[in-house]
């Protein structure tokens, strides 16, 4: 039984369409070795042989540059000529450092696909490419050029860094334009632009005025390798970092009353001689000198234990978590630990311990952040080097002077004493602390500990927590508004919403000050006596005016007197300018204002970009910083849609890395490598097709084998396009087009399929589902080629040039080509431009279009919406059934070919016997197109019959045939008359439509020497239809 649905083919037909794909383009095969495309045929001059200069091969490396419309000129043209609404695509700025890599290509091509689609739909696309210009990597380039670090002036570093960034921008810009990226390349934005920095410091001041920005002493992520504070977004985590973990004894100086009063007196416990210690565990031994407390959980159970098998510790007892007893007994490896006393953490309050290395106390305090499962249950607390440590100490000891004895270089200061001063805390200093603890008898145990640890994302080196005076954005008061705003944003994929919300919900402060030279300065001067910041309307307006004229370099080049507002210039000796610069995420995070508002693209109070599209790492980067600054200033999110893509993997699923050597650069894919055999030049369209065909919501693989597969897909589509162009070589739609109502049922069916293609492709583009767009077009090309193209060849080639049926088919092909090419255009930019020029060759009296004119671009043509009348479900259902029958016929013909009975299908004639199920118009639908059945089934003649019953039990025969088909390829044997007969049932959506019997036999007529159909009455004579055409040509 053949079961159908409303798709173009059932599954078997789709599979067959792949096998028969080449046949639809005139490629020689057993069934299609047709003289119709043989120019040496004696009747060739009477045939409408296909012709086109559209090459089978793309020759992309050489031809694409000649086809590409200038991305900037096209961008300007659409802004001036498109009549639709504004579409604001805000570009997340890549770093102005280094050559373009495949991540750049993935990101920019995805953006360009969106923008070019919107241009075709008539929108005015606003897309201003941008670059992130500040930060350490560019500053390091300046260091390399300045020979002596002692001679480095801030102004010298900044000049070299700025020049370097501008050169990198110029290089990257050229590469992006070669990829066909549409945009305002003459006026990109740069975070070092004067106007941009003016808007940035205004945003800083607005947030300060609203109370969101403040200055304070807090623990921050500090990078000794970069010598600056870092934000969360500037960290990456090493899951296999190895730390030295230690268990340290803090001797109890005085116990809490509860424990003291309940301490038992036994023969093995001498209170006078017994030493009680609180045992802490840490993976950062270098922070022990900064310890100022020990934290426990008031609700957890703790125990006092005594080693009873260790001579070394016979006069000692340890305080540890009850839950950790078994694990710690193994770790300490000093024998059994006897439980002496059990108590709650709350009962430890009031206990005072002595710092093992310094003459100071460390009280035991309580905190909810202490949990079971690791360590000892007693947490070493160094408020100068831990966020939670700092918070708990601030709550319980507001006046505590926090110790943070580490300098900008990550070395101990003299606060720790002579034995450690100057040592690197992540190196020799760490070892020195451990050795010292061991020497004084306070080290109970040490071991390596592998865990997740934060690294500087730029230098790839570990960071530390360090308490310093910094500028922060306090997030507690805006978290609710920020989280509510995320709910209004369309996230693609939807999981991005939870991810962004989770990150913002867990964040309390954002450190925005950096101790670097190359960046936008924090526009604040400080009172020399009070250290109070000078920041008010007058000071900010004055600095804005200076930045607007001279750029932020003036902050480092001008005197304090020049930087002070007029009213305070006489007091310049009382002020000093700050040396901090802003976090690069604050730089780029204010781009909604520095670009979109400043250039008048969106309203300053309520305007939002239509879309932000970046890698998934930007949930903790640009997406977040943009949201926070916009919500702080305007109480509104800066974007309507946020689309994220994954990262790049090689063909083995391994992340691409220069150190591994598995990277591929865009230029190699486009232009080829030194060895063109090993790395051939594929061109830009292939790179863009790779992007479009990938599920960008996940990590994406690329490699030689993947590129070859992409190339095969491009060839299929290109052949489809070429067939339509070649078939319409003499078609001018302004003269030859046939009205819809006069088209054949077959042509109407083809238009219905084109309509549905356009409908689905439009939907997928609107939802940013480019992989589905690509799949739809590929499948349509294969499906339409294996059926419609197969059926229409006789009309195209053998009928008279101006016959109704030929012009009807060409009308459909023109519309079909238009829709497919326009649907492809956002992806295969160059190919679509080429097709467009060939399709409209009839323009200007056959001279075609001037390819040098922007208005002759396919993107100026627009996304023509097909008329709704093209959607014809009635005809679609009819042809769905017919195609299923054709599948049956093809299987019978294949049996005849495999047995050597025929070479071509049109050597046969066919009898198609049909029975109708009750209330089914199955036979009537076939009868309505009776005249087209021989073309549809590719045979010389079809005789349609109608009967009520068959002689055989069809259902029983169908079951036998299905069983045979499961075991081996179906082979149909002829009967005694040489006839091939096959019976089956046709059904649609489980509804039985009718039964058919297909009878195929050799035609008793002769082969027509012109069309090769076996319909001639006499040998070597043309058939009647061909004779009529020949007479019309005289």
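Every residue gets a Cβ built from N, Cα and C, even glycine.
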Stretch carrying motif ''KMSKS' region' according to Swiss-Prot (options 655-659, 660-664, 665-669):
655-659
If I go by Swiss-Prot, the feature motif ''HIGH' region' sits on one of 61-71, 72-82, 83-93, 94-104. Which?
94-104
Cβ under 8 Å to the motif ''KMSKS' region' (655-659), counting only same-chain residues 6 or more beyond its ends: which ones?
102, 647-649, 699
Measure from the Cβ of residue 658 (ATP binding site) and count the other Cβ atoms within 10 Å, all protein chains considered.
8
Kindly report the helix/strand/coil residue split of the motif ''KMSKS' region' (655-659) according to DSSP, in that order.
0 helix, 1 strand, 4 coil
Mean of the pLDDT scores, which run from 0 to 100, over the motif ''HIGH' region' (94-104):
94
